[in-house]
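A quick write-up on the structure given underneath.
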Amino acid sequence: MANPEVLVSSCRARQDESPCTFHPSSSPSEQLLLEDQMRRKLKFFFMNPCEKFWARGRKPWKLAIQILKIAMVTIQLVLFGLSNQMVVAFKEENTIAFKHLFLKGYMDRMDDTYAVYTQSEVYDQIIFAVTQYLQLQNISVGNHAYENKGTKQSAMAICQHFYRQGTICPGNDTFDIDPEVETECFLVEPDEASHLGTPGENKLNLSLDFHRLLTVELQFKLKAINLQTVRHQELPDCYDFTLTITFDNKAHSGRIKISLDNDISIKECKDWHVSGSIQKNTHYMMIFDAFVILTCLASLVLCARSVIRGLQLQQEFVNFFLLHYKKEVSASDQMEFINGWYIMIIISDILTIVGSVLKMEIQAKSLTSYDVCSILLGTSTMLVWLGVIRYLGFFAKYNLLILTLQAALPNVMRFCCCAAMIYLGYCFCGWIVLGPYHEKFRSLNRVSECLFSLINGDDMFSTFAKMQQKSYLVWLFSRVYLYSFISLFIYMILSLFIALITDTYETIKHYQQDGFPETELRKFIAECKDLPNSGKYRLEDDPPGSLLCCCKK
């Protein structure tokens, strides 16, 4: 039989490179030595970074990179957020300015109520918008301009959509309608010097048949440059605004709603020059973004390597357990080798890398995908901060939240599935029955938002008070509907949900005091009594452990 000390040393020296092969014909002593080697290998795998340092002197590179990455990604997000705020503010302020410029008598927060009720008001509104468009250069306080198409400037398109044929006689309760929709359009050039008079004198040659009319649309394009970014050491962007003023008569109710939609696109300015050091600052920011990408790549490689090693060790342990004990490893034990925190960090690294590349392209004015970039960077930063919880979980006093969430998650998911069925039932019922009589129930999305607010105790009285009383039956139903929903979800479902979390929390606290239930995997590892600083985990080429370590317990 081989010398036991030699066999142990051989297995220990190569335990991170290739697995020790187990043969059923091995002698009992060799089998015990192989079991001991497997236990040490598993115990080292599940150690925290501090214990691994004491076991083999391995530096916690992943932890150091995560700390560095948190600082860098957060700084990057803040800088991009400030830039994105200027972009969003410029869009919103221009949209408000256009509404005041092109909608006659418009006042702030009138979007839902802005409408006209007479034919003369419709003509007045159209003529007012056209006149303002033709005089834009003289009246606008912004740097707005017409879009140039070659030597000419883009025109305003006025289109009306109407039924092909229609004879409507409400007095006789008769009508003859052809639902086929036709469209007529004509253009108004910015360089036209024509005078637009009163509706009876207007030279637009626009005639509307209000009985057949569906919509009138005024569409035109304007351009502007966001100069406020210069003060923040950034290159300005050029904006294209596609404006559409819509007169909506689809309901034929005597009320024509007017709305202004602004479709905004950001483009790279063609010919620009800025004095000063703005371009140099842009280069510094791109260098910083490149450093963020390199840091995330290092984190990605280290975490991916750890995940792969975990899968390899999982397969090795499954084979070992099957050959040695003639038993299969349970699925829960196999899942312990898959570190979900590493997978989350890998996802955050990928999002950060893609977002940083987009940010660099935006700074170079090659792309203008601010919204996509903000979603990527925002999500990645959130995941980076969540990933740090893993390292706090190594301390018994800080991992209570993590353990509670992990233990409660399966029951919470099952509970939420059942509660969601009741919630959706109330959503559909409220939308169908109360939608015509209550503004908060006009769409499924608004119904869901309203009911979720009620669960949290928000806006209860106004939800009751705003219910129209035109139909006593529906009003009575609304009371039964709202009272039953509030009672069911607040006093029963929400209380049960909180009790579910509380029960799990108490169970975890009990486990921390008396010990957690041990699985087959943990029982197998627990038979290894070697401490991390015993020296038995060290490989032949490992450096001696430093006596100075902040992780010493």
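Any Cβ shown, glycine's included, is placed from N, Cα and C.
So that you can see what the record holds, here are the features copied from Swiss-Prot:
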DISULFID  CYS159-CYS185  disulfide bond
DISULFID  CYS238-CYS269  disulfide bond
CARBOHYD  ASN138  N-linked glycosylation site
CARBOHYD  ASN205  N-linked glycosylation site
INTRAMEM  444-464  intramembrane segment
REGION    52-62  region 'Interaction with phosphoinositides'
MOTIF     456-459  motif 'Selectivity filter'
SITE      ARG305  site 'Interaction with phosphoinositides'
TOPO_DOM  1-62  topological domain 'Cytoplasmic'
TOPO_DOM  84-283  topological domain 'Extracellular'
TOPO_DOM  305-341  topological domain 'Cytoplasmic'
TOPO_DOM  363-371  topological domain 'Extracellular'
TOPO_DOM  393-414  topological domain 'Cytoplasmic'
TOPO_DOM  436-443  topological domain 'Extracellular'
TOPO_DOM  465-475  topological domain 'Extracellular'
TOPO_DOM  498-553  topological domain 'Cytoplasmic'
TRANSMEM  63-83  transmembrane segment
TRANSMEM  284-304  transmembrane segment
TRANSMEM  342-362  transmembrane segment
TRANSMEM  372-392  transmembrane segment
TRANSMEM  415-435  transmembrane segment
TRANSMEM  476-497  transmembrane segment
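Everything Swiss-Prot records as a feature, shown here on the structure.
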| residue | record | DSSP class |
| --- | --- | --- |
| ASN138 | N-linked glycosylation site | helix |
| CYS159 | disulfide bond | strand |
| CYS185 | disulfide bond | strand |
| ASN205 | N-linked glycosylation site | coil |
| CYS238 | disulfide bond | strand |
| CYS269 | disulfide bond | coil |
| ARG305 | site 'Interaction with phosphoinositides' | helix |
Just how many other Cβ atoms lie inside 10 Å of the Cβ on CYS238 (disulfide bond)?
17
Using C-alpha atoms, which one of the recorded positions ASN205, CYS238, CYS269, ARG305 comes nearest to CYS159 (disulfide bond)?
ASN205
Long-range neighbours of the transmembrane segment (342-362), counting only residues six or more past its ends (CB under 8 A):
66, 69, 73, 76, 80, 286, 289-290, 292-293, 296-297, 299-300, 303-304, 306-307, 310, 368-370, 372-373, 376-377, 379-381, 383-384, 386-387
May I ask which of the recorded positions ASN138, CYS238, ARG305 is closest to CYS185 (disulfide bond) if we compare their C-alpha atoms?
ASN138
For the intramembrane segment (444-464), what are the same-chain contacts with Cβ under 8 Å, counting residues 6+ beyond its ends?
423, 426-428, 430-431, 435, 438, 479, 482, 485-486, 489-490, 494
Could you give the Cα-Cα distance between ASN205 (N-linked glycosylation site) and CYS238 (disulfide bond), in whole Å?
35
For the topological domain 'Extracellular' (465-475), provide the mean pLDDT of the predicted model.
86
Is it the case that the transmembrane segment (284-304) and the transmembrane segment (476-497) touch, counting contact as three or more CB pairs under 8 Å in which the residues of each pair are 6 or more positions apart?
no
Return only the integer: C-alpha distance in Å from CYS238 (disulfide bond) to ARG305 (site 'Interaction with phosphoinositides').
44
Outside the topological domain 'Extracellular' (465-475), at least 6 residues beyond either end, the same-chain residues with a Cβ under 8 Å of its Cβ set are 433-434, 437-440
Pull the DSSP breakdown for the topological domain 'Extracellular' (363-371) and write it out as helix, strand, coil residue counts.
3 helix, 0 strand, 6 coil
Distal contacts, the topological domain 'Extracellular' (436-443) - CB-CB under 8 A, six or more residues away
430, 449-450, 463, 466-468, 470-471, 474-475, 478
Could you break down the residues of the topological domain 'Extracellular' (465-475) into DSSP helix, strand and coil, giving a count for each?
5 helix, 0 strand, 6 coil
